[in-house]
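Chemist: Pasting in a structure now, in structure tokens, and then I'll have a few things to ask.
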Amino acid sequence: MAALTRNPQFQKLLEWHRANSANLKLRELFEADPERFNNFSLNLNTNHGHILVDYSKNLVNKEVMQMLVELAKSRGVEAARDNMFSGSKINYTENRAVLHVALRNRSNTPIKVDGKDVMPEVNRVLDKMKSFCQRVRSGDWKGYTGKSITDIINIGIGGSDLGPLMVTEALKPYSKGGPRVWFVSNIDGTHIAKTLASLSPETSLFIIASKTFTTQETITNAETAKEWFLEAAKDPSAVAKHFVALSTNTAKVKEFGIDPQNMFEFWDWVGGRYSLWSAIGLSIALHVGFDHFEQLLSGAHWMDQHFLKTPLEKNAPVLLALLGIWYINCYGCETHALLPYDQYMHRFAAYFQQGDMESNGKYITKSGARVDHQTGPIVWGEPGTNGQHAFYQLIHQGTKMIPCDFLIPVQTQHPIRKGLHHKILLANFLAQTEALMKGKLPEEARKELQAAGKSPEDLEKLLPHKVFEGNRPTNSIVFTKLTPFILGALIAMYEHKIFVQGIMWDINSFDQWGVELGKQLAKKIEPELEGSSAVTSHDSSTNGLISFIKQQRDTKLE
């Protein structure tokens, strides 16, 4: 595929942007079109609640949206989408299919890889997860002293950690009757030491999540957990009752002491950051119950079908992707904020920080050439209203344009004080997107200062600081309630958004070679940290850092 910058549709879009973008004033666009909200929003009825995607507060008009959709068609988005769903090996650097959609394929229609339907295997693992969850949650699964399991500790990193952590936090209200769940990812010993300190070996079950069962951080933490466990249990055969594996490497799992019967497999067509739908989601199913895990899968499947079958101009993941292309490749925006107004979604932005940045943080195209345009944005965010008192200042009055997605449920899980808290939360959510769109004109600020009784001199000094330019773009994503089904749909919506942008940029969204170099060098450096002899094999900075660490290692502090 030709580079994006040489695509005639993109050149047309860029020309239009250069000539007309200065005239896209959101206040004026809303005043000129009373139907703007209806024309630039989607109301998705999932039959398990609604998801409203309001993109009317973006710097677009019908002409821009039409050009963006034409651009998507010219970049082959529809064919690429169909290739993914049909099991083609679209992860071309690793020669793999990309089939997280098969993991949640509730219709059970065949999906083939190399001519073989993967659905029987997917369903076999789901059935195994279901019976395991029932045994643990009912108390039938006993530890080495005959006690039931009260705590699940998921040991993994990256995709084996961020997804299950985000989802178990988001679905806490659905965890009644389930074991508590803990996540250990960091190689920093503090993480596992602090976690184990509050647990009892007799009632703890460890999930070791590693596809290869060789991930350094995960296996080091797993060995530490096993040591801690055996200090109490004494008998190595007890490991089988307290450790299960999510892996594809039976030999390594067995060597660790885990019964292969307690190994839940997944496949090379499941990427780590798209794996919470697979056996990697075992901690989710244990915590909230398998029925709720199935609802999560069903919500994602609903969004998969919407993405697969809906024309591009009414397709939520596609529209979100195209708006991102508009801001990144025409306006030069470098970041994207995800701002969920729901405390249960407090890890949502962190999850999609990996989802987006590990997928589209690439500068090499399918042909092996370097791109001559921007690709994936820096993704970040915090829950509202906390963010309002932290970084929104820069979004409102800073020098950078930061497109934002605001997300909120209409119904709260905790309608305390007759819904007062949630009413205030909703009011803040609505106020922020309106404020970012409208801003505050000098004459509006002047009236406020006069009403506050400011002297003419003070008024003139303060006035420039009280003006808001506005015209800051946002999407509002409003859903009935944060249920397992709706959460599944929201996650899938963003997954497909990321996929569409990768196709537009002609990069592989499903490998992550950028993770490898640091890991290779760390293996080389680790033995050099032994002893006290000087190291000279690196650049002067790295050598100097190693020397400082060696000097300070045994320093006694008062």
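Here, residue 1 is simply the first one shown, and the rest follow in order.
Yeah, the Cβs are placed from backbone N, Cα and C, and that goes for glycine too.
Keep in mind the model is a prediction, meaning the values are calculated, not measured.
Per Swiss-Prot, active site, proton donor is recorded for E358. The feature active site is assigned by Swiss-Prot to H389, K519, with experimental evidence given as support. What Swiss-Prot records for A2 is N-acetylalanine, and it gives similarity to another entry as the kind of evidence. Sequence annotations record features per position, and here Swiss-Prot assigns N6-acetyllysine to K12, K142, K454. Swiss-Prot lists S86, S107, S185, S455 with the feature phosphoserine. Per Swiss-Prot, phosphothreonine is recorded for T109, T250. Residues annotated as N6-succinyllysine in Swiss-Prot, with a large-scale study or a structure entry given as evidence: K454.
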Chemist: What three-state secondary structure does DSSP assign to K142 (N6-acetyllysine)?
Modeler: strand
Chemist: Tell me the Cβ neighbour count for K454 (N6-acetyllysine), meaning other Cβ atoms within 10 Å of its Cβ, over all protein chains shown.
Modeler: 16
Chemist: Might you list, by sequence position, any residue in that chain lying six or more from K12 (N6-acetyllysine) with a Cβ less than 8 Å away from its Cβ?
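Modeler: K12 (N6-acetyllysine) has long-range Cβ partners M67.
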Chemist: Tally every other Cβ atom lying within 10 Å of the Cβ atom of E358 (active site, proton donor).
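Modeler: Step by step: centre on the Cβ of E358 (active site, proton donor), count other Cβ atoms within 10 Å, giving 23.
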Chemist: If I take the alpha carbons of H389 (active site) and S455 (phosphoserine), what is the distance between them in whole Å?
Modeler: 29
Chemist: I need the nearest neighbour of K519 (active site) among the recorded positions T250, E358, K454, using C-alpha distances.
Modeler: E358
Chemist: Only counting partners 6 or more residues apart, tell me which same-chain residues put their Cβ under 8 Å from the Cβ of T109 (phosphothreonine).
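Modeler: In sequence order, M119 meet the Cβ cut-off.
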Chemist: Among the recorded positions listed here, K142, K519, which has the most company in the form of other Cβ atoms within 10 Å of its Cβ?
Modeler: K142
Chemist: How many other Cβ atoms are found within 10 Å of the Cβ atom of H389 (active site), counting all protein chains shown?
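Modeler: If we count other Cβ atoms within 10 Å of H389 (active site), we arrive at 9.
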Chemist: Helix, strand or coil at S455 (phosphoserine), per DSSP?
Modeler: coil
Chemist: Measuring Cα to Cα, tell me the gap between T250 (phosphothreonine) and S455 (phosphoserine) in whole angstrom.
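Modeler: Computed Cα spacing between T250 (phosphothreonine) and S455 (phosphoserine) is 78 Å.
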Chemist: How many other Cβ atoms sit within 10 Å of the Cβ of S455 (phosphoserine)?
Modeler: 9
